[in-house]
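Inspection log for the structure reproduced underneath, given as structure tokens.
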């Protein structure tokens, strides 16, 4: 009630933030004359001065005005570009660890230089994160002269980079790379066999470009490093042949089936379910083909993997379509990013789904994989001490940024007012009518000499529009996942007079469309251009630029609405950069996916009430509101799925932190002898307790079992029964001490034979190997637990609570297994006198061989949707309030007497800290 009045009196929080930073801008501007007066050498020397002042105790906030003024002056001298006042505000926003929303063409890349330079002065490194390798290399090469002028080093991390190059890139003051590469390197570092093999140092400060794409769109898909598992290619091929015989159950609006079938599809959640008839039918087919035993059920425990294969094949046939969700290139399935329209080489779907699609398309089936290490972007980026981001569209997701990452969004004012006209949506009855209207609009704009950008949601629709334009005799360029190698070239000239460019979603994001085309690309195409040629190209471009401005600027046409308003806003934002004129229009039909699934009934009834005829369009605010309501509903659902993924991964993340902390402690330890001693005593105590319960009578003792267990665990044969027969006074406590003495003595004999140094090195390497093998198996067990946990909802149990409880039990078992298996291996193995360096080199060679066989997946997470479906009654209509999660600090130390972070209630030293 009072919010509008308070906002009117005091301004919005965003306005107050901008006003506060505007005062700091005045201080930076006041320093400009001083900086202009400095020679190049004096300006360069400022970096060393700032570093010394920081070392003596000045904070980065205190250095900010001078540092920003230095970067602004260096930008003028090195690149001929001066930071605008609004760009300084953007730089301060990023330094504060917030998200800066800046419109297309406002110079986000240049803005990033300000906080990156300032934070690099600390010597702890800064990571600049981009969405693809092309942008990482482009931005690094573009800004490198500026940073190097100021005495800072720049590195770029890329896939398949030689280890020494990657290490050098991470050691640089500023490191550019993609979100995937930073995440995978973090996982690889935690699989290293020595500290020298690690790449990353402390995760200090990250500036994430296109932050919405990385932290929102990519948040549902975990990063996975996997190795090959068993080969099931024949099974995929056999089941693939059976799926086309299943029929879909078609339903009316009232929910009654019009045609009996075997499965139903829920397009809202992208789930497919077999019905009772479907289960019986597929069981009969599997039995006939020898895949299921006579009279056996598909739901028997030993047939569950077969059921997984059936569902994977069913999803591949019904939910994944060629040229929409993926393309076939050679003998590979390349997934398409639904948000950018780009292919994602190397990314594979999990749970056998990728293999099922390969079988569907008749391609060679690659072996299934086993998870070796995994994390999510949500948990990886929260490891940084400070996180900031830039994007053209973040305000619609401000709630999620705040709740999940603790990041505020600040909308930065534009340098010049936006002159773009956003027309109301036009809604048609059919897609055919919609596309006809789009072609008419293109012809009209082209006649005026305006450049046109047509945004489509899939390769299929982009090729359909292309076909219609060919039939109409209109010259055009197509930019989709099939032709992505021409992306920069096509986008560069998309602003030429009368040019028509078709792009799937936001392909080309990160490259501005300049009105009149890009004269720099024309110059770059010439070999050794002269000053006269460059001047002529500039003059011709200036004419074209003016011609396009007078015609009305770039016109953006969208062929349908995306699930997210943010993606729609990104497409609109291609027009009207830096105050240029432009316009945008969305063309929709009731047959579009979003309209058909979420909004069609209300709009269809409205159109019928108006008596709409074929070919007519409706343009009304009520229709636009209905569509936006549908989008908000989808956004709310997607937010809940991401939130569910985070809540589930947070459980695994606590365990991951404990294991990785333990691993790093082992790597940095010179000697793990004390740890092995503790393991030996605890394992022995557990073994004896199993056969001689504490405070029990001798009649209850299982001496024969104890002798066998001691040989199994410690490779020592002890005549315990003989001891007891010979000594009546050998009680429980004295017996325990005697057994321990014998086991320790046997181990010391081994040490004398092998040599203390060799055994210490072997202990360390073996402990690492046991830890890695058991952690890998634990990840697989956790995957299976997570995929089936939603079924607990049917037993009136909370799946999340059950997952937390059972995963804690599994983790306790993992810790016990690490101790027991390490002692068992060390007791049984014969250690040769070998140079520890040779042993480490051998293990490193084995690790390198493993690395060659690794697959790096950024896989889908359908199980989270199932988890959501299992708790559907709990989900609110829109985004639900959640408790803000504190960023996880990379160097955080947990006190041994503090409560364990896993939530068990025990002290850390008696729980997950007992292996440190």
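The backbone N, Cα and C atoms fix where each Cβ goes, glycine too.
Swiss-Prot has this to say about the protein:
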type	residues	note
BINDING	87, 105, 106, 107, 108, 109, 512	ATP binding site
BINDING	900, 902, 911, 912	Zn(2+) binding site
COMPBIAS	906-916	compositional bias 'Basic residues'
REGION	857-916	region 'Disordered'
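Overlay of Swiss-Prot feature records on the structure.
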residue: 87; record: ATP binding site; DSSP class: helix
residue: 105; record: ATP binding site; DSSP class: coil
residue: 512; record: ATP binding site; DSSP class: coil
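Counting other CB atoms no more than 10 Å from each candidate's CB, the binding-site residues 105, 107 peak at 105. Other than 87, 105, 106, 107, 108, 109, 512, the residues of this chain whose Cβ falls within 8 Å of the Cβ centroid of the ATP site are, in sequence order, 102, 104, 110, 111. Residues within less than 8 Å, Cβ to Cβ, of residue 106 (ATP binding site) and separated from it by at least 6 positions along the same chain comprise 86, 87, 90, 412, 414, 415, 577, 578.
For residue 87 (ATP binding site), the count of additional Cβ atoms within 10 Å of its Cβ stands at 27 [all protein chains shown].
A simple way to gauge crowding: the CB of residue 512 (ATP binding site) has 18 other CB atoms within 10 angstroms, across all the protein chains here. The Cβ of residue 108 (ATP binding site) has 24 neighbouring Cβ atoms from other residues within 10 Å, across all protein chains displayed. Largest Cα-to-Cα span within the ATP-binding set 87, 105, 106, 107, 108, 109, 512: 17 Å. Shown in sequence order, 139, 142, 143, 209 are the residues of the chain, 6+ apart in sequence, with a C-beta less than 8 angstroms from the C-beta of residue 109 (ATP binding site).
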